[in-house]
């Protein structure tokens, strides 16, 4: 952990307590920020999420319990570990803090060895979970590509089968006209008919080749993007089309529709692998979770430019998610379909991709019976 820069936020209304904790963590591996109110803490965490929060309980205005409750209710911030640093040592107080979602407790007056031990333990767990999430992301990416390969192979077999049929028909017509030529029974009408037959066969071949080529090209663009961490300039409308086309074999199993309403003029450079995986995971989540019991599901992918930001808005008209479950959708391994093979990795990975790869943020909202809305916002120009 010594090679990592650990971002720690201290929240305490008493500057003396802040100074004490700063002295305890006077080491290059800690990057410490401090605020003296719950209100400021909530604002700062939303703008620049830390790796760990050391939180006083008894503060004027918004106390530590309320700060913890609000952070744990925010699906984008609930993963941040919180250690309460407080003089409230009664069993019921400690129990209440853990019920709110605290990761650990430090009692005042704080002791250096205890602070460092508990802080380092939570930071270690935080980075382990981050690494596990990254490994899960890579594993899911490979699984998606493997599934996509199988679907593309199956889908390409149809135009290739049509191509083979058209070529066989062309060869049959050629054999027939050659036989008439050898028998000296070939008429002008026969030759004219042969020309039309060859035109028909060639047209069928061209249609089949174009379809196969488009399928392979769409897969190539999505697969290459997912396997490389490179920025590419894209037309977002055409990019969404390519992603949807690459999933065509899977989508044909359903009666649901996908509407691409992205404005044609939106163009920018971004990490296409991350963006394609976000879209693929969102679509897969709708197919697996959102449209249970829905005969005609609808997905809409739209976008808009806001200053120097791109906002991609993803909506479906599925069953939605109960309010009590909203805070869990980004948890590792969480799924409502455990018995049906749901991995529970998708939404957590989407959040990680939006934040880490696209340098953006993700907003998720849903109501039972009204589907879900996911808004991914990120800068048009990414600075490496």
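Keep in mind that glycine also has a Cβ here, set from the backbone N, Cα and C atoms.
Helix, strand and coil content of the domain 'Response regulatory' (7-123), in residues and according to DSSP, is 52 helix, 24 strand, 41 coil. Taken from TrEMBL, the feature domain 'Response regulatory' covers 7-123.
Annotation source TrEMBL lists domain 'Histidine kinase' at 151-382.
Residue density at residue 56 (4-aspartylphosphate): 24 other Cβ atoms are found within 10 A of its Cβ, drawing on all protein chains shown. The annotation 4-aspartylphosphate is assigned in TrEMBL to 56.
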